[in-house]
Amino acid sequence: MSANPLRVLAIANQKGGVGKTTTAINLGTALAACGERVLLIDADPQGNCSTGLGIGRTQRRTTLYDVLMGEAPVVDAAVKTELPGLDVIPADADLSGVEIELGQTARRSYRLRDALEAIRANGPYTYVLIDCPPSLNVLTVNAMTAADAVFVPLQCEFFALEGLTQLMRTIERVRGSLNPRLEIQGVVLTMYDRRNSLSEQVAKDVRAHFGDKVYDAVIPRNVRVSEAPSFGKPVLLYDLKCAGSQAYLKLAREVISRERDRQAKAA
């Protein structure tokens with residue numbers, strides 16, 4: 001059973017190196033493997049999400065830049081990936097010019113939200129995942145303004161919670177002025193090393209702070225997860241049996257289950 005209506009999630013953390021793009025790629029893949037119809041939006045000018053899904057530069061004729069500039073609808077910008085049910089709107093370096101080009105344009109913060117309206121009611125997708133850049137700029141603001149909720153990957157490292165403070169302030173600002181419905185979807189612990197007592201302590205602190213917003217599924221440090229992007233593949237298509245793949249499948253099932261519960265309560 002697929003989630004319906006569409007759920008738009010901004011995958012964000014304003015601290016770099018937390019596994020944000022890795023989570024976007026592999027959660028999107030795992031959701032599609034579970035039967036969902038997923039659109040990944042690469043909102044980072046570096047284009048790592050696109051590269052990690054095997055979308056070469058020649059396949060990026062239409063990108064998120066074109067969508068935000070009003071030159072292409074979402075459905076025309078979406079590129080099919082190797083996995084049925086998973087499409088991506090790619091990014092390239094042009095995206096870094098959006099902030100200047102939009103300038104003081106009316107509704108500059110609503111560009112992505114307006115573009116997604118066309119697929120909210122009867123589009124082909126059940127989930128949209130937006131891979132946000134780590135910096136707070138017009139791309140991050142557009143992602144959060146378009147999103148129903150923010151999905152937070154959190155690395156099991158010493159300064160993990162410190163990075164969250166800035167993200168929470170950003171969410172509050174967006175909620176106050178642009179998107180009052182924005183909420184925290186959940187927090188997923190990444191790069192977890194059970195041999196390291198620090199990982200255990202960070203996990204304990206995060207669960208104490210966020211309670212049931214923290215997913216039970218934990219993404220371990222896993223060499224196969226690290227290797228997969230260099231082959232242009234999500235880890236599930238690179239090595240399905242590895243611990244990283246199984247963790248992302250567990251996370252996807254948990255996301256779907258929680259979404260069904262949320263919809264049931266809202267009905």
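Positions of Cβ are set from backbone N, Cα and C atoms, glycine also.
Per Swiss-Prot, the features are:
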- GLN14, LYS15, GLY16, GLY17, VAL18, GLY19, LYS20, THR21: ATP binding site (BINDING)
Nonlocal residues around GLY19 (ATP binding site), in sequence order (Cβ under 8 Å, 6 or more apart): PRO153, GLN155, THR190, MET191, ILE219
Nonlocal residues around GLN14 (ATP binding site), in sequence order (Cβ under 8 Å, 6 or more apart): PRO134, SER135, LEU136, THR140, GLY163, GLN166, LEU167, THR170
Protein Cβ atoms within 10 Å of VAL18 (ATP binding site), excluding its own: 24
Binding-site residues: LYS15, LYS20 - member with fewest neighbouring CB atoms within 10 Å: LYS15
Packing count at THR21 (ATP binding site) (other Cβ atoms within 10 Å of its Cβ): 24
Helix, strand or coil at GLY19 (ATP binding site) [DSSP, three-state]: coil
